[in-house]
Amino acid sequence: MKKLILLFSLFLAPAFSYKENQKINQNFSSNNTSHKRLKRDWIWNRMHIREEIDSPLPHHVGKLTSSVGNKNAMYIIEGESANTIFKVQGYDGDIYAFERLDREKKAEYELTAHIIDRRNNRSLEPPSKFIIKVSDINDNAPIFVQKIFNGSVPEMSRLGTSVTKVTAEDADDPTVAGHATVTYQIIKGNEYFTVDDSGVISTARADLDRESQSAYEIIVKAKDALGLTGESSTATVIIRLTDINDNFPVFKHPSFHFRVPENISVGGEVGRVKVEDIDEPQHRNTKYSFVRGDYRDTFEIIANPFTNEGIIRPKKPLDFEKVAEYRFDIEATDHNVNPAYYKPGGSRSISTITIEVTDVDEPPVFTKLSYEFKVRENDPEIKTLGSVWAHDPDAAKRKIRFARRRASPNGDYVRVSDSGIIQLPKPLDREFSSLYNITVAAQEILEDGRLSDRESHAQVHVIVTDENDNAPELVYPEEPRVCENAAPGKVIIRISATDKDEISPGGFFTYSLTTEDSNFSLTENPDNTANITVKDGQFNRELAKIHYLPVIISDNGNPELSSTNTLVISVCKCNEKGDFTFCEERAKQVGVSVQALVAIFICIFTIIAVIALLILLRKRHKKDLSGLRRNVAEIHEQLVTYDEEGGGEMDTTSYDVSVLNSVRKNGIKPEVVPSAYAQVQKPPGNTTSGAGEMEMMIEVKKDEADNDRDLLPYDTLHIYGYEGAESIAESLSSLESGSSDSDIDYDFLNDWGPRFKMLAELYGSEPNEDFVY
């Protein structure tokens, strides 16, 4: 009866608390002049929920309330099954269970409630713990959950040390008066251990020695308040004595300091913290956790199972520019130490960790790992597509220079400036390539103007969109042939077309003939093809074995393009069934596209230009040679004659070189000699062998010079000194010319014109005064 009254008072306590708080709040509101701040308390109903409720989920458990008058207040819970089985409505405090509960598995849940400001997550009130109990009915006798229980106790434990707990399940709630209460009794081994009504087995002696007896087997009996027992109301408990683990790990130093570069890899080792544990190795099971400065999203502490050290590792990349130093506290504890062995100093050891992040020269960081640009093909106006951008993540904030590193086979048509601008040196052709890929590198510019060795990369993709710039071309699978006796309407061949441009879903080709006078007709098909059929028939191989049929193919692009293609149709002999029996094979002839014609014209123009260039160079070479030869002629422009007494003004007689050059103009020997020149008269025959050979040689050389188109006039005549054995005039020197007794007649020199005036005066008898000198 006392238990019933106690439980009833606990149930009513929150209600009285709620009324008392209302009264306090009313008093606070009525006293506007008071500046005293009243304490605000948590208020909620005691929460119970029955197991295996049949109604749909979720099930309402209770309501969290508080006297905080903040409209931005929000409730949150944590603890056992918080936010999994139990969830709270953040704004009104209603708690719901999202799973059907089973009291036989868990009878109660301990949770903690918080109330925070949802704007800044600041706590408005201290957290408070509460329990959600699962109730059931009393309809079963107690049954042990297992037939054999195992327990252990440290050796030499004091009297009453808890060893283990046995559990017998009963549908009744042992905490509620009036329901069946399970009690336990040891029927074997009660001289060493005792059991209480909750099923906890404790030591009955303080001198249990593991070395004397390492294990005990006892039998426990369970019954309810009515004394109901069943066949499964007894269980065996095996208790083993273990070595004592009565010491907690302790940090060797109150603080640890580590320095790591910011480019440390995720999962790399930052440092190790060491603890001391004087227990045996099998008792060392240190656990590390964060206490202050919660950086568990940045670092993790893993215990080394062999050395018991705590290894600190980063869980994500570090950034010196964002956080240069981390400071937090960690604790080391051993959850396996029995609470009965707690010693002064507590079960926790705390140490302060300082991690200093050092700066590392990092490569530039692109704003994106991949850039994509689209450009219309053959557009001469587009020179710049856009730009890529990267920045220096370090504190120096250096300038960045961009460069192209790698490119696809066609990527040379895309360039990158130092500032990251993507440029096109010339329009792109989608038919040549529809996609251009390049890799852009970013490097920092150092203070001395050099580029940093570290660089980062980004991909640039240039997509070329199509325009209608290619005319369709004719496609047919085989050589077209027609029988002489083909009937009108006979289909000769089905033709189709192809287009290098993209064909839109609504694209189509139009076929037509250039003339209606042929013996063929064209019919378009719905599938973008056309049939070539016989129009009138009555072909005659004797008249024409080959028919050339021009076909015009147009697309529906913008602008519309077309091409003329020629079908070469052979007329063949056929049998009565229409099978070909004899037909000359002809090479397929189709129209030449505009691109092919342009290529042909370019080749022809190139050949002509090369030939013209060669001719020009040859003429220039001749001009240079002629300049040199004129210099030689100018040197020999004067014929100088020396004799022993001096010739006076007659020693040098000038003559005009242009007169000599005019003898043969443009390489053609003039047929009419100017009046100023006398025709050369051959001297009469002379039996003297020396004079004849000299005359013949000079004449031959003169004729060769006159007929040589490649030599200039001043190269044609030379002074030859003939020293043959039978030469009569052995020398042209004036020392002998005057006293020569030769009977050779040199008067013919007067007939050779002014060019030979000096020779005529030296060797001739009478100069011709009619010559114009």
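Any Cβ shown, glycine's included, is placed from N, Cα and C.
If you compare Asn437, Asn686 in Swiss-Prot, the N-linked glycosylation site annotation sits on Asn437. Here the domain 'Cadherin 1' (39-144) has, by DSSP, the following mix of helix, strand and coil residues: 0 helix, 52 strand, 54 coil. Within 10 Å of the C-beta of Asp102 (Ca(2+) 1 binding site) we count 12 further C-beta atoms, all protein chains included. Summarised by DSSP class, the composition of the domain 'Cadherin 3' (252-366) is 6 helix, 51 strand, 58 coil.
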